[in-house]
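Visitor: Just passing along the structure, written as structure tokens.
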Amino acid sequence: MAAAALGQIWARKLLSVPWLLCGPRRYASSSFKAADLQLEMTQKPHKKPGPGEPLVFGKTFTDHMLMVEWNDKGWGQPRIQPFQNLTLHPASSSLHYSLQLFEGMKAFKGKDQQVRLFRPWLNMDRMLRSAMRLCLPSFDKLELLECIRRLIEVDKDWVPDAAGTSLYVRPVLIGNEPSLGVSQPTRALLFVILCPVGAYFPGGSVTPVSLLADPAFIRAWVGGVGNYKLGGNYGPTVLVQQEALKRGCEQVLWLYGPDHQLTEVGTMNIFVYWTHEDGVLELVTPPLNGVILPGVVRQSLLDMAQTWGEFRVVERTITMKQLLRALEEGRVREVFGSGTACQVCPVHRILYKDRNLHIPTMENGPELILRFQKELKEIQYGIRAHEWMFPV
């Protein structure tokens, strides 16, 4: 599909972007073009994983990558080239000051052998917003998506077709200023790499996780950058994840503020399915107030639930005090995280102030989680046609 043809899709999907945040040279009209894409096929193809061979997340890469360079004169020609190491100046601003951002999305191969991306325009919107926040160069989202489509098309034989598998797509944009000054970069590099990945829950099982909720650790704050997908948001979480493991938990429930608001689970958005204090059954997730990353799966679950019209769907602050009270009164049905890697992940225990809180997610089916997973699978693998899927 040519880039120009994507305009009809974007007319329905486009989100507002602060185009002028970093000055006029960041206008999207100054962009690389998919029509200029250069192609260099590898002469040394990698060995593809065999049938049934485990696909560990982020460990196996396809034969090719997309690369586009930028300087203060504009974007260079995009090129698909053999997968290779990068050459960076030791003073590169991405290495010293975390002038870097990334995205994560998946392509799925259906039984019809058609490969489809899941709502990629939302990732393009979010990536551009992240670029604006870091004063990195803007780009035309249509052109980048078409370049990504072409890359996947080149490496389409790497897209696994076993149940629950997919091709993970990782676009990255970094500042590449060869200087130790903290400033707006005059050089940047955009690249995209691909990884075949296995099922998050092997065999279709649903395994719940336990969470450490410690208010001493804060992932993001109002006025910060928690709502952008920046590399600098993730590195500091590794220590807290290790602390969770030491305390017998698999993930971290990130709290915020003096009232201990629930924000995210690990790198996932969080949902609570309960009967609210007013007696109404509802699905609630924290609002996009600058602390929450606007997840693609998060938005998809909200959209699906709104379409069903069977219970109230709301974006509202949730505090630990409210959750504790709801647990004591038996009003909580399910708590779960959502994200590109896992889609929907149930929670069965929260360690909070040295107290283990049992979450009855699994005792309740988990009815809603399984329904979400079933619908997502049918859409992503082309079992039923849906406007969310973008054919490669």
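Glycine is treated like the rest: Cβ placed from N, Cα and C.
Quick paste from Swiss-Prot:
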BINDING   TYR168  substrate binding site
MOD_RES   LYS229  N6-(pyridoxal phosphate)lysine
MOD_RES   LYS321  N6-acetyllysine
TRANSIT   1-27  transit peptide
Visitor: Say we define neighbours as other CB atoms within 10 Å of the CB. Which of the recorded positions TYR168, LYS229, LYS321 has the fewest?
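Guide: Selected from the recorded positions TYR168, LYS229, LYS321 on minimum Cβ neighbours within 10 Å: LYS321.
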Visitor: Whole-number Å distance between the CA of the residue listed as 'N6-acetyllysine' and the CA of the residue listed as 'substrate binding site'?
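Guide: A Cα-Cα distance of 38 Å.
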Visitor: To the nearest Å, how far is the Cα of LYS229 (N6-(pyridoxal phosphate)lysine) from the Cα of the residue listed as 'substrate binding site'?
Guide: 16
Visitor: Quick one: what's DSSP say for the residue listed as 'N6-acetyllysine', helix, strand or coil?
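Guide: Note: the residue listed as 'N6-acetyllysine' is helical by DSSP.
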Visitor: Please report the three-state DSSP label of LYS229 (N6-(pyridoxal phosphate)lysine).
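Guide: The residue in question, LYS229 (N6-(pyridoxal phosphate)lysine), is coil (DSSP, three-state).
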